[in-house]
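> Features from TrEMBL:
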{"type": "BINDING", "residues": "S172, N221, E268, N275, Y301, Y353, V371", "note": "substrate binding site"}
{"type": "DOMAIN", "residues": "31-108", "note": "domain 'Glutaminase EF-hand'"}
{"type": "REPEAT", "residues": "440-472", "note": "repeat 'ANK'"}
{"type": "REPEAT", "residues": "473-505", "note": "repeat 'ANK'"}
Amino acid sequence: MAATAKEKANVKVNGSDRSDFNGMMEVEYSYLFECLRKNKEDYIYLSDLINALEAVGIRENDPRLKLDPAELDIAPQVVLDYEKFKHILKHSFGGLIKDAIQGNLIIPDFASFCREITEIYELTNKNKNGNVATYIPQLGRVDPDKYAISICTVSGQQFSIGDSNEDFCIQSICKPINYCMVLEEHGEDIVHQHVGREPSGIGFNGLVLNENSLPHNPMINAGAIMTCSMVKPEMDMADRFEYVLNFWNKITGNQNSLGFNNSVYLSEKETADRNFALGYYMKEKGAFPENTNLLSTLEFYFQCCSIQTDTNAMAIAAATLANSGICPITNERAMENNTVKNCLSLMNSCGMYDFSGEFAFTIGLPAKSGVAGGLMLVIPNLMGIAIWSPKLDKSGNSVKGIEFSKELVKRYNFHIYDSLTLNNPDKKDPRLKRNEAKIDGAISLNWAASEGNLLEVQHIYARGIDINMADYDGRTALHLAASEGHEHIIAYLIDKGVNLNPRDRWGNTPLQDAYKGNHDATILLLEANHALK
Ligand code: GLU
């Protein structure tokens, strides 16, 4: 019989395990392969690899995986022998597959987290309050009951629920991104010679400037018109717009998910008296950079507001901000850390219209909303969230978006100052515990087995933990799974060659535990595999 991957891995090359450019060693590849192998075959199924990745939120079209699209179409039949599996691991982005299979992504138990998000979605979906914006007639025609949530973590784990594949207009959510673009282009000092960074205390389209005759900040209309005047002013209009789309493409992981809503654009332009007034007022005060063409600046601002996309893509953009400017699913840097820091600071203080102070206090996260019902929420170093639901409250924020945010920070310690009240038993932390690796392997394996958590058992197995390890009472994972009647765990452990008859300090075998618990199906399974009583 051919040597198993594990046996092959045990043959040391030149007396030592070789590690590749991902820092992975042969023995690690073999554990990952073993983890996915079934029935002692010499191969694994590509579909099992994809399922293992999807279980932790890594989508099969994640560009970092570099999976062959032709093979993906027929994935259930495609088999990977050890060498082919290794090839895929080596060519995917540094350690991604390893971290996914070992449960080392930023949210290790992604399935539980997504279940909770689904619960919050369903709860908040019951709230039918609010009204769709009508001041731009075209926006008033959208279905008011649409609701979508998408999440992307800084590890690139994605989850979506609801109408997440439907496009909506980004509207004011273009404001923070345009601000990032001009910071990258001109630097902070020049940009802030033309726009302030103080909340205005008045409505988003207020006809008022600060004491220096500048717009208060880039998150309100006057400030956004100002930043628009600074986006590649030397280019012609077509190239400027393309430049903006390219930037959005970069921060959304090059998924080509951006569009333009021409009807909204035309409708907005027809009803933009206030924005024209703001523009002329700033022109009269000499606020614009020299040689600014006011009419094309306004035109460009309306175009930016009329870009459309879905929550899937917007969550990736938010995650790029959460990840200090590096897009999590391409690993490409789209902007400098400092740009992100400045942008998030202003989103935190000015991103939610006249509810900004309240939002900073209760939710405690940088966010930006738009009148089409979009809301982009950033949890620094953890994830980006995009919400879309068109009904707005009196401040102009999505009703469901606000409700969702409130419920989220009620359950999780995501408010930026929750770090000061650590160990609050009412709030969960889904993040990877950095000291998890130090926890004794046997304890975590036994715990996962007793809980019936197969994914966690697989993750621990993939880390190379010995499945026969016992705790100080001689209890093994098999004992605990048998005591609780978790056949799926037992079947997995048997497939991995577990010792069927370990005895704990009281002399009990797993089969005896199954009898004690009256778990008939477990008894049958163990006896079919010749376990001893
Ligand atoms: N296009 C909108 C306006 O200037 C943007 C409004 C918004 O989303 O806040 O009126």
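Numbers here mean position along the shown chain, with the first residue as 1.
The backbone N, Cα and C atoms fix where each Cβ goes, and this holds for glycine too.
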> Six or more residues out from either end of the repeat 'ANK' (473-505), which same-chain residues have a Cβ under 8 Å from its Cβ atoms?
34, 38-40, 442, 445-446, 448-452, 454, 457-458, 461, 467, 511, 513-514, 516-517, 519, 521-522, 525-526, 529-532
> Including all protein chains shown, what's the count of other C-beta atoms within 10 A of the C-beta of S172 (substrate binding site)?
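Its Cβ shell of radius 10 Å holds 24 other Cβ atoms.
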> Mind computing the max CA-CA distance among S172, N221, E268, N275, Y301, Y353, V371, which the record assigns to substrate binding, rounded to whole Å?
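Site span for substrate, by Cα atoms: 19 Å.
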> Using a Cβ cut-off under 8 Å and a sequence separation of 6 or more, which residues in the same chain sit near Y301 (substrate binding site)?
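Within the chain, Y301 (substrate binding site) has Cβ neighbours under 8 Å at A224, I225, C228, N275.
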> Once near-sequence residues are set aside, which residues in the chain of N221 (substrate binding site), 6 or more away, have Cβ atoms under 8 Å from its Cβ?
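Looking at Cβ-Cβ distances below 8 Å from N221 (substrate binding site), excluding near sequence neighbours, one finds F204, N205, R274, N275, L278.
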> Just jot down the residues in the same chain as V371 (substrate binding site), at least 6 apart in sequence, with C-beta under 8 A of its C-beta; none if empty.
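V371 (substrate binding site) has long-range Cβ partners A133, Y135, I136, L139, Q171, S172, L392, G396.
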> What are the DSSP helix/strand/coil residue counts across the repeat 'ANK' (473-505)?
17 helix, 0 strand, 16 coil
> DSSP helix, strand and coil counts for the domain 'Glutaminase EF-hand' (31-108)?
41 helix, 6 strand, 31 coil
> Cβ distance under 8 Å to E268 (substrate binding site), same chain, sequence separation 6 or more: which residues?
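The list for E268 (substrate binding site) reads I136, Q138, F302, C305, S306, given in order along the sequence.
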> Checking proximity to ligand 1 here: which binding-site residues out of S172, N221, Y301, Y353, V371 have their Cβ closer than 6 Å to it?
S172, N221, V371
> How many of the residues that make up the repeat 'ANK' (440-472) does DSSP mark as helix, as strand and as coil?
20 helix, 0 strand, 13 coil
